[in-house]
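Listed in Swiss-Prot for this protein:
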SITE      His30  site 'Important for tRNA non-discrimination'
SITE      Gly81  site 'Important for tRNA non-discrimination'
BINDING   Glu172, Arg218, His454, Arg495  L-aspartate binding site
REGION    196-199  region 'Aspartate'
BINDING   Arg218, Asp219, Glu220, Gln227, Glu488, Gly540, Leu541, Asp542, Arg543  ATP binding site
Amino acid sequence: MRTTYCGLVSEMLLGQTVTLMGWAHRRRDHGGVIFIDLRDREGLVQVVCDPDRAEMFKAAEGVRNEFCLKIVGKVRARPAGTENANLVSGKVELLCHELEVLNPSVTPPFQLDDDNLSETTRLTHRVLDLRRPAMQKNLILRYRVAMEVRKFLDANGFIDIETPMLTKSTPEGARDYLVPSRVNEGMFFALPQSPQLFKQLLMVSGFDRYYQITKCFRDEDLRADRQPEFTQIDIETSFLDEEEIRGMFEGMIRTVFRAVMNVELPGYPVMKYAEAMHRFGSDKPDLRVKMEFTELTEVMKDVDFKVFSAPAQAKGGRVVALRVPGGGEMSRSEIDGYTEFVKIYGAKGLAWIKVNDASKGREGLQSPIVKNLHDAAIAEIIARSGARNGDLLFFGADKAKVVNDAIGALRVKIGHSDFGKSGGLFEDKWAPLWVVDFPMFEHDEEGDRWAAVHNPFTAPKDGHEDLMDTDPGKCIAKAYDMVLNGWELGGGSVRIHRAEVQSKVFSALKIGPDEAQLKFGFLLDALQYGAPPHGGLAFGLDRLVTLMTKADSIRDVIAFPKTQRAQDLLTHAPSPVDEKQLRELHIRLRNPAAGQSGV
């Protein structure tokens with residue numbers, strides 16, 4: 001039986017005989033003495049195999065990388081000058097007495113300490129990739145985060161209750177993953193995008209504090225921080241108001257950081273959605289980046305430069321400047337690179353001005369656009385932006401959404417660049433905040449209708465109920481997002497607990513009474529039985545752990561993730577199924593050839 005882990009062998013065990021089990025990370029033959037670095041989930045220990053024990057030494061000679069081994073030996077101090085300060089076991093080594101090969105290994109397709117592996121190679125050989133110390137560290141930290149979350153919620157009276165995985169398809173924003181029913185021909189289940197409705201029903205049922213750490217599913221285009229299946233820390237509580245809910249779960253995240261990383265998070269500023277969009281063009285601003293927008297829409301309405309004046313005069317248009325302190329030293333090729341970057345977000349281009357001498361007005365500026373701006377506009381740009389000599393101003397002028405997306409992304413990109421970090425535009429710290437007072441609705445131009453910003457079950461601010469009938473665009477929601485370093489870590493809201501208010505929201509969304517009853521009748525019925533005031537939120541566990549580990553991708557903190565094409569390169573899912581299975585499910589493929597190709 002194993003007596004300890006490799007990575008836990010330390011000076012505390014000097015002189016003791018221990019039994020270890022793990023994998024040969026590296027084997028070295030030094031003049032008749034064989035050294036084996038034995039590895040397990042806790043780390044490495046150096047094993048010394050002397051030729052004095054012939055049978056053991058012969059077995060050691062046959063060991064290769066990734067052989068699974070059992071080793072019995074005595075812990076001793078390493079010779080002076082050979083210590084390794086990077087390891088817990090770095091001051092000791094194990095003198096091998098017995099060595100047993102539990103299972104040999106074929107030659108691995110890569111070295112586990114190769115840091116230049118492609119993600120395709122890593123995901124194809126995920127079993128081996130997960131043996132890498134960095135991956136094991138990530139997943140162990142993930143476990144510790146989940147454990148601390150459970151401890152906190154249990155201590156605060158929350159009950160872990162499971163909700164169904166096979167449920168009803170309801171409009172929640174993204175596409176559902178559908179599961180055909182064999183028993184009920186032509187009918188489909190949906191995999192849950194969130195347990196939203198069930199947790200509200202649990203509040204009506206009297207379980208006033210609920211949580212679960214559960215899988216959710218969304219069939220949407222993937223990005224670096226998205227997966228088709230993801231893990232959510234889902235929470236709901238009755239009888240607490242918005243401020244109390246925020247306070248409790250800010251405390252939870254503080255507890256997790258303190259317990260897992262020994263980090264004390266700073267205070268959480270509370271910022272209204274409108275302010276976040278005005279200053280940063282984003283509802284999840286990265287406060288580590290020390291640049292903000294300068295609003296110029298009114299200033300640009302009367303300039304003789306259509307690139308600025310047209311969006312400034314248009315309904316829903318916006319013109320802003322982004323001051324980059326010290327940016328005057330940027331080369332034209334760097335500026336051109338940023339111009340191409342903003343086009344990804346729909347911008348047509350990127351106007352700029354270099355400030356050589358702010359005191360000289362027009363004469364102290366360098367830019368192809370200066371000639372198109374009158375003196376008053378130039379003076380306003382300099383004054384409002386606070387531009388100084390050596391600064392660079394970038395401009396966004398378009399529909400507000402395009403400006404916010406493009407210049408908001410530019411702000412983050414410059415801040416995170418080598419230029420930004422060396423120029424003091426980025427502060428490496430933990431920067432949390434709450435964003436509150438989101439709009440209740442946003443207008444869908446294509447469908448010419450209102451859509452819920454969060455979900456249709458979010459309560460409006462007190463006194464805003466009537467705006468749903470008269471002016472939905474001005475209706476503010478009791479919604480809140482926790483943002484950390486530019487990532488939405490979690491989001492939630494106070495929910496609607498009165499059936500008549502819920503019906504009003506459905507009406508604003510052009511969901512008629514019959515459709516509402518068909519899709520949400522079970523909720524409307526439940527709300528009539530004394531539903532308590534309630535609210536909650538959900539945190540993305542994958543995102544939280546990605547931030548805490550500073551991983552390059554969310555896929556580095558998930559044991560068996562999907563690619564950006566929603567494929568599993570290890571198991572080759574999704575995969576074709578045979579005709580018999582399709583017949584049982586009453587399914588016929590429109591394009592049978594499409595179902596024949598694997599990953």
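The backbone N, Cα and C atoms fix where each Cβ goes, and this holds for glycine too.
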By Cα-Cα distance, the member of recorded positions His30, Gly81, Arg218, His454, Arg495 nearest Leu541 (ATP binding site): Arg218
Reduced DSSP assignment, Glu488 (ATP binding site): strand
For the region 'Aspartate' (196-199), residues assigned helix / strand / coil by DSSP: 4 helix, 0 strand, 0 coil
Spatial neighbour of Glu220 (ATP binding site) that is closest, considering only the recorded positions His30, Gly81, His454, Arg495 and their CA atoms: His454
In the chain carrying Arg495 (L-aspartate binding site), residues 6 or more apart in sequence that have Cβ under 8 angstroms from it: Gln200, Met203, Phe457, Thr458, Ala459, His534, Gly535, Gly536
The one of Glu220, Glu488 whose CB sees the fewest other CB atoms within 10 Å, among these binding-site residues: Glu220
All-chain count of other Cβ atoms within 10 Å of Gly81 (site 'Important for tRNA non-discrimination'): 5
Fewest other C-beta atoms within 10 angstroms, as judged across His30, Arg218, His454, Arg543, which are the recorded positions: His30
PLDDT averaged over every residue in the region 'Aspartate' (196-199): 96
His454 (L-aspartate binding site) in three-state DSSP notation: coil
From binding-site residues His454, Glu488, Arg543, the one whose Cα lies nearest His30 (site 'Important for tRNA non-discrimination'): Arg543
Arg218 (L-aspartate binding site) and Arg543 (ATP binding site), distance between Cα atoms, whole Å: 16
Cα-Cα distance, maximum over Arg218, Asp219, Glu220, Gln227, Glu488, Gly540, Leu541, Asp542, Arg543, record's ATP binders, Å: 19
